[in-house]
Amino acid sequence: MPETLQYFLMTWTQPQLLFLTAIGTFAGIYIGAIPGLSVTMAVSILISFTFSWEVNNALALMAGIYMGGVYGGSRTAILLNIPGAPSAIATALDGYPLAKKGLAGEAIGLSTTISTLGGFFGILILAIAAPFVSEFALRFQPRDYLLLAVMGLLLVGSLSGGSMAKGVFAGALGILLGSVGLDPLTAEERFTFGYTDLMTGISAIAIMIGMFGVSEALDQMHYLSMPAIKQRLTRIVPSWQDVKKHLPLGLRCSALGTFIGALPGTGGDIAALMAYDHAKRSTKNPEVPFGEGAKEGIVAPEAANNAAVGGAYIPMLTLGIPGDAVTAVIVGAMFVHGLNPGPLLMIERPEIFWFTVGTLTLATIFMFIFGMTGIKIFTKIVEWPKTVLLPVILLLSIVGCYAINNSVTDVWWMLGFGIIGYFMKTYGYQLGPVILGLILSRLIDDNWRRAIISEQESVVGLFTGIFMSPLSLFLFLTIVFLLFSQTKLWVKLKTRVLGRSAKDVTIDPTQV
Amino acid sequence: MKRTLLALSLAALTSVSTFAVAAYPEKDINGIIAWGAGGSTDTVARSVAPHVEKILGGTIVLSNKTGGVGVIATKFVDSQAADGYTLLMNAENPQLYKVMGLADMDYSNFTPINVLARGVPVIVARKDAPYNTIKEFIDYAQAHPKEVKTGSTGPGGLTSVVLAMINTENKMELTAIPYDGDGPALTALQGGAIDVMPAVLGATLEHVKAGRMKVLGVVDKEAHALLPDAKPITADYPVYEKYLPWGPFFGVFAKKDTPEDVTAKLVDAYNQGSQDEAFKKLLADRGFIQLNIAGKEADDFLKRWQSVTSWLVFDAGIAKKSPEEFGIPKP
């Protein structure tokens with residue numbers, strides 16, 4: 001135990017490591033905030049950059065960037081309606097309306113506090129239950145991923161704003177866009193029209209930057225003459241009552257985020273969207289309706305996406321299996337530094353595990369400090385004249401987009417989808433479902449086929465499989481319940497059984 | 001006027017290109033890695049680069065340009081000037097682009113600077129599978145058609161080639177479930193979603209050592225030092241000798257027609273750089289066999305690999321075009 005503590009505190013006591021973690025977290029917040037500069041990219045670049053370093057230094061820097069970067073995405077989501085990363089899409093839905101009311105400071109303060117909570121939660125689970133969680137995550141079969149993805153599809157309801165039909169259209173568009181490229185099963189070309197550039201598919205990040213960054217800049221041009229909203233900065237640190245009120249939701253979403261993060265193949269982006277959906281379903285009477293600045297709409301995704309960081313480290317440190325794209329790169333970095341990430345890592349090099357837990361904890365503390373101190377300067381951005389702000393957004397979008405794959409094609413896609421996104425927005429189509437569709441497209445495509453091929457292409461076999469496995473059955477029943485709970489029959493039943501007046505429960509048509 | 005002057009001075013510069021070449025590298029060299037960060041090709045390319053830089057006296061800026069089983073990066077490097085400032089770092093895949101109908105090029109469009117290493121395929125199974133050796137596995141699969149589930153990393157990938165080999169010599173029917181690479185497939189193997197998986201030794205090593213999966217055998221002529229207990233496939237089936245040694249490989253390539261003095265410098269730098277002890281250790285730890293070959297030796301290696309593999313995948317019915325169309329001889 002004293003040894004464990006010593007490893008845990010290594011980063012805290014060595015000035016060099018402390019400094020690197022701080023720098024990493026600070027850089028991460030800004031990398032995360034700028035759309036297009038992604039954590040995955042930053043960590044990839046760091047591999048070669050830190051080649052000659054000591055392994056601990058490299059790992060400390062990467063952990064800082066990862067934790068800070070996931071949090072940073074919410075900054076621009078709240079201030080500019082441009083999520084810095086896919087995991088911050090849900091944050092923009094209620095964060096930006098708050099900024100429009102002049103409450104950006106409060107929104108960022110809340111998101112920082114809750115992200116810190118989520119971060120700590122994920123790390124705690126990593127520290128106390130890592131082997132157990134990773135064994136459980138491994139039990140997820142292709143059909144379970146398929147069910148999870150179908151559950152994800154139901155989120156279209158929460159994300160589609162006013163019109164369900166438009167939401168479904170946007171989600172379907174996302175799924176279609178996600179299927180462009182080489183077929184993962186047969187390497188057959190799909191929708192490529194013979195172009196090599198289309199063989200990789202259309203970069204999801206390019207579409208996201210276009211649809212959120214460029215289209216928002218275009219949209220803002222309608223309001224050039226409008227004065228910028230004065231931001232009230234009197235209250236940044238959320239009141240204890242506020243935190244206490246949202247604590248149960250925050251903890252539930254942290255648990256969800258940790259687990260989704262720990263599943264190999266799903267990450268913080270899906271976790272944040274699912275958490276948002278959960279918040280919308282479970283919050284009976286929000287002070288402000290969702291989509292207009294509900295605090296629950298910030299709490300849920302922010303808790304989930306930072307909790308997913310600790311979650312993603314769980315299978316990586318215990319089994320050498322990355323939980324998401326960033327940890328996949330970190331696994332590569334560990335190889336370069338002569339470590340052998342795998343199931344034996346915890347036995348052969350136990351110090352790496354506790355060192356990482358300690359570093360992540362420290363990074364979360366730094367994230368809180370940097371997050372809370374920079375708010376005043378940051379919110380000033382919103383008060384910039386639009387004639388300066390909009391070109392800067394466009395420039396950052398282009399640079400960031402090019403940097404993902406060093407590809408000019410991506411930049412054209414981004415601009416094209418920016419224009420499409422602008423028209424979609426103008427005509428009342430939400431853009432969130434497009435990105436949701438994009439994220440889920442591969443998950444559904446791959447796992448549907450894996451699941452059905454495993455059953456010798458028999459649908460009956462697939463359903464037998466679902467009913468034979470407790471895990472699959474649970475997921476399946478959850479989906480059935482989510483659908484059924486929106487029908488009139490359910491409302492009637494509920495009224496009869498609970499004896500409650502039907503007035504309390506109204507059906508929200510967007511909530512299917 | 002200014003423009004003409006500029007053009008003239010440019011022309012003057014190129015006419016004394018022999019002088020320019022003597023100074024190679026006079027600017028940063030771009031190394032285009034065809035696979036994602038953290039993968040085998042990436043790890044190997046990035047690990048050797050610093051040692052090469054020291055000898056070359058220049059900087060190699062590495063970037064990943066992924067997608068289309070490496071086609072994107074390969075085509076990109078081919079579209080750049082043949083001046084030795086853009087290098088391709090790719091794996092075995094281009095040798096199959098033609099027969100798979102993915103692109104009309106292969107490594108004959110490039111000059112090998114160094115074929116760094118090759119990997120050894122092994123066959124692993126989930127730990128409670130009812131077979132312990134390759135022979136037992138083949139017998140079981142033949143007795144239970146379509147019942148054994150294997151991961152597949154796409155047509156032309158290591159898994160498909162090894163299974164094509166086995167299918168040619170010992171016909172059997174498996175159910176192949178697609179995964180994006182051996183990492184996710186080996187994860188699925190541990191979760192019981194698949195039963196058997198041919199994969200490169202390095203990717204399985206830590207899991208085998210920890211007892212999370214078992215190794216049925218090595219697809220090579222001899223046992224491997226890191227897994228001495230795994231029998232080579234030729235022990236039970238000598239007929240496989242004609243395909244072996246076979247395995248994925250990684251190398252560094254320059255566009256064809258790059259000036260010879262430039263490639264000579266690069267070949268020399270990579271040759272010396274890959275003799276670094278730390279790099280050798282990294283290869284050995286991950287189960288790779290160092291090749292460190294260039295010139296005719298590399299050309300022969302590449303041609304033999306292409307011939308063996310193209311015909312294997314063609315005969316197994318996973319190729320789109322016959323190797324004959326491209327003049328690839330039978331092995």
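Glycine residues also receive a Cβ, built from the backbone N, Cα and C atoms like all the rest.
Residues or ranges marked as transmembrane segment in TrEMBL: A:17-47 (among others).
What TrEMBL records for A:18-436 is domain 'DUF112'.
Under the heading transmembrane segment, TrEMBL lists A:107-133 (among others).
Taken from TrEMBL, the feature transmembrane segment applies to A:145-178 (among others).
The annotation transmembrane segment is assigned in TrEMBL to A:198-218 (among others).
For the transmembrane segment (A:321-340), the list of distant contacts is 39-40, 43-44, 46-47, 50-51, 55, 58-59, 62, 66, 134, 137-138, 261-264, 266-268, 308, 311-315, 348-349, 352: same-chain residues at least six beyond its ends, Cβ to Cβ under 8 Å. Under the heading transmembrane segment, TrEMBL lists A:321-340 (among others).
For the transmembrane segment (A:352-375), the list of distant contacts is 4, 7-12, 17-18, 21-22, 24-26, 28-29, 56, 59-60, 63-64, 66-68, 71, 105, 108-109, 112-113, 115-116, 119-120, 123, 126-127, 130, 233, 236-237, 306, 309-310, 313, 317, 339, 345-346: same-chain residues at least six beyond its ends, Cβ to Cβ under 8 Å. Taken from TrEMBL, the feature transmembrane segment covers A:352-375 (among others).
Look at TrEMBL and you will find A:387-405 (among others) tagged as transmembrane segment.
Feature annotation from TrEMBL assigns transmembrane segment to A:411-440 (among others). Cβ atoms under 8 Å from those of the transmembrane segment (A:411-440) belong to residues 86, 89-90, 93, 149, 152-153, 155-156, 159-163, 166-178, 202-204, 206-215, 217-219, 269-270, 273, 397-398, 401-402 of the same chain, restricted to positions at least 6 beyond its ends.
Residues or ranges marked as transmembrane segment in TrEMBL: A:460-484 (among others).
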Model confidence over the domain 'DUF112' (A:18-436) (mean pLDDT, whole number): 87
Annotated stretches the transmembrane segment (A:387-405) and the transmembrane segment (A:198-218) touching (3 or more Cβ pairs under 8 Å): yes
